[in-house]
Amino acid sequence: MLRLSWSTFRERGQLFVGALLTVCLGVALVQSSLLILLAAATGGYVEAITLLGMTLAIATFLAVFIVASTFAFTVAQRRRDLALLRLAGAGRSQVRRLLLGEAVLLGLLGTGIGVPLGLLVQRAQTALLTGLGFVPAEFAVPWRAWIVAVSAGIGTGVAVAGVLAASRRAARVRPLEALRETGAAARVMTASRWFFGVLFLGGAVALAIVSSFAGPVAAIPLSINIAITASIGLSALSPLVVPLVGRLVGPLLRGGPLGTLAAANLRDGVRRSASTAAPLLVLVALLLGLSGTLTTLGAAAEHELRQDVRADLVVTTDGPPSVAGVPGVAVASTELSLRVPLTVTTVDDGEVETDTDAAEAVAVDPADYQRTHHRTAAEGSLADLRGHSIASGEHPLGSVVDARIGDRTVPLRVVAVLPDSFAGADVLLPRALVPPAVAEHAPAHTLVRLDPGADPARVAADLGEGRVQTAEAWVARAAAQQQDTSAGIMTVIMGLAGLYTLIAVVNAVVIGAAERRREFAVARVSGLGRGQVVRAALVESWAVAAIGLFLGGLAAAGAVAGIGAAAVRSTGAWLVGVPWPLLAAVVAGACVVVGVTSVLTSLVATRPRPVSLVGAGE
């Protein structure tokens with residue numbers, strides 16, 4: 001069967017181009033991201049680790065999803081060939097082995113191209129991370145020989161995982177049904193589509209409910225998971241929507257034959273339309289879902305920070321500034337930002353286990369902190385934050401954690417539990433615990449409350465040291481910095497999802513048009529001109545794009561709704577952000593890509609004389 005798989009692979013190569021490119025890209029991205037992730041983890045670059053983890057997850061998902069949808073479409077296009085193979089004596093298991101053999105060949109070829117391509121992708125990813133400020137300029141990524149074996153496993157694994165469902169469906173279809181396009185061969189909404197569609201949609205709803213009670217740390221991964229599960233569910237159920245849209249297109253273009261033809265093609269080519277809409281659905285779900293989540297997080301953090309800060313001026317310095325004795329200053333709370341590894345030791349069945357996590361800590365004077373912040377503890381009291389103590393949102397009241405501050409490890413008792421927050425620190429420490437050598441170089445901001453009647457401009461001039469801003473300006477700048485980080489994440493995800501979608505959409509349109517040459521010829525001998533056939537195909541493709549965009553918008557709305565509910569629960573304000581510019585760009589880009597590809601492929605398909613195609617056998 002492997003020889004037959006290779007023969008099919010060579011003869012019908014145009015059907016596998018999109019899947020091959022997807023596997024190549026998936027192997028290159030996973031290889032590059034893994035190598036950079038290991039180097040980033042060694043250096044402790046948290047932003048880079050987060051972004052690379054998201055890249056790995058999304059690249060793997062998109063590769064499997066697109067290969068699966070491509071193979072399902074190509075198997076449907078080849079159902080007559082497979083039926084003839086069955087009639088010639090091939091059993092169901094042999095048909096499955098044929099398709100799995102094609103997947104293995106696809107994976108091996110994709111790996112062979114993807115491994116060297118991964119070296120180029122690695123350079124591009126490293127340059128991007130450096131440009132975004134996630135890693136320093138001297139950041140280096142060592143080569144690891146075992147990554148070749150991992151890449152081979154990824155390539156073949158993605159290809160085989162993508163073809164499993166299609167091979168099972170192809171093997172179950174009876175040969176005469178496939179030749180006559182009746183029974184199981186003609187059915188698009190199969191039992192598996194119903195099962196997985198309902199299952200993943202239910203999972204998306206459950207995740208949206210969970211995210212409404214989750215904190216900001218879990219918001220981004222939950223948002224991605226909601227978008228992924230919702231897009232899988234809606235993609236599985238998309239054949240239910242295609243005929244409905246087909247019935248809507250006709251009345252919109254009533255008065256001419258093009259609308260009627262486009263509507264009829266939509267109703268007849270449900271499988272083709274669903275295959276084209278699927279990648280657009282995933283693109284919109286991921287981009288708008290993640291962008292809406294990041295926008296909502298930024299808005300919630302800014303709102304929370306404005307509600308929390310009780311200050312007139314903010315001084316930003318490296319190390320504690322000298323504000324004592326400045327005329328007009330009533331209270332000054334200097335807060336040092338530190339990255340502190342926290343270790344929790346537990347004993348389970350006589351075995352000692354330790355768990356270490358790096359926390360974003362702020363070292364404060366508890367009395368000054370409480371006079372410049374509205375934030376209070378959920379349990380315990382911030383007034384007890386003295387000596388060897390800590391306030392944390394992740395550890396229970398009264399527990400003990402080991403904190404490494406500078407070059408020493410200090411056991412600290414949790415005296416206060418911090419509430420969930422979009423903008424506050426994970427951990428508060430007494431400033432007295434920070435060694436002078438560490439405090440001297442730590443980023444610091446000092447919240448300054450003025451005496452009644454004091455002139456803010458004069459006090460700001462007297463402070464002099466560091467960057468002095470009003471509290472409003474400081475909050476706005478902090479929010480802008482967070483949005484810059486979010487924009488960096490979105491740049492990577494947008495490029496990744498956009499590239500995959502471009503490959504998948506173009507591939508689906510090209511495959512679909514290649515099989516419709518006789519259909520176009522029949523339309524032309526029935527009285528339509530070549531231009532009318534091309535325009536009808538264009539209208540049909542835009543209707544399919546609208547289906548994908550609409551269903552993707554539903555998935556994105558579910559992703560944003562969960563974090564929006566969490567923001568309401570935390571801040572009391574509805575702060576959901578809709579990325580309208582990104583939405584407009586995605587809609588315009590989808591229409592252009594689908595439209596141009598449809599026109600070009602339709603022109604190629606209608607180039608031969610229609611009589612020669614109508615008279616030819618299928």
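The backbone N, Cα and C atoms fix where each Cβ goes, glycine too.
Here is what TrEMBL records for this protein:
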type     : residues : note
TRANSMEM : 15-42    : transmembrane segment
TRANSMEM : 48-76    : transmembrane segment
DOMAIN   : 55-173   : domain 'ABC3 transporter permease C-terminal'
TRANSMEM : 97-121   : transmembrane segment
TRANSMEM : 141-166  : transmembrane segment
TRANSMEM : 194-214  : transmembrane segment
TRANSMEM : 220-245  : transmembrane segment
TRANSMEM : 280-301  : transmembrane segment
TRANSMEM : 487-514  : transmembrane segment
DOMAIN   : 492-605  : domain 'ABC3 transporter permease C-terminal'
TRANSMEM : 542-568  : transmembrane segment
TRANSMEM : 580-605  : transmembrane segment
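Listed stretches 15-42, 220-245, 280-301, 487-514 were compared with the transmembrane segment (542-568); the greatest number of C-beta pairs under 8 angstroms is found for 280-301.
Residue counts for the domain 'ABC3 transporter permease C-terminal' (492-605) under DSSP (helix as H, G, I; strand as E, B; rest coil) come to 100 helix, 0 strand, 14 coil. Contacts between the transmembrane segment (48-76) and the transmembrane segment (580-605): absent, as fewer than 3 C-beta pairs lie under 8 angstroms at sequence separation of six or more.
Each of 15-42, 141-166, 580-605 was scored by its Cβ pairs under 8 Å to the transmembrane segment (97-121), and the highest score goes to 15-42. Here the transmembrane segment (580-605) has Cβ contacts under 8 Å with residues 276, 280, 283-284, 287-288, 291, 490, 494, 498, 502, 505-506, 509-510, 512-514, 516-517, 520, 533-534, 537-538, 540-542, 544-545, 548-549 of the same chain, all six or more residues outside its ends. Touching of the transmembrane segment (487-514) and the transmembrane segment (15-42) is concluded from the presence of at least three CB pairs under 8 A, sequence neighbours closer than 6 excluded. Outside the transmembrane segment (280-301) by six or more residues, the chain places 58, 62, 65, 216, 219-220, 223-224, 226-228, 230-231, 234-235, 238, 422-423, 479, 482-483, 486, 489-490, 493-494, 497-498, 500-501, 505, 545, 548-549, 551-553, 555-556, 558-560, 563-564, 567, 570-571, 575-579, 582-583, 586, 590, 594 with a CB less than 8 A from a CB of the stretch. Outside the transmembrane segment (220-245) by six or more residues, the chain places 50, 54, 57-58, 61, 65, 69, 188-189, 193-194, 196-204, 207-208, 210-211, 214, 266-267, 270-271, 273-274, 277-278, 281-282, 285-286, 289-290, 292-294, 297, 543-544, 546-548, 550-552, 554-556, 558-560, 562-563 with a CB less than 8 A from a CB of the stretch.
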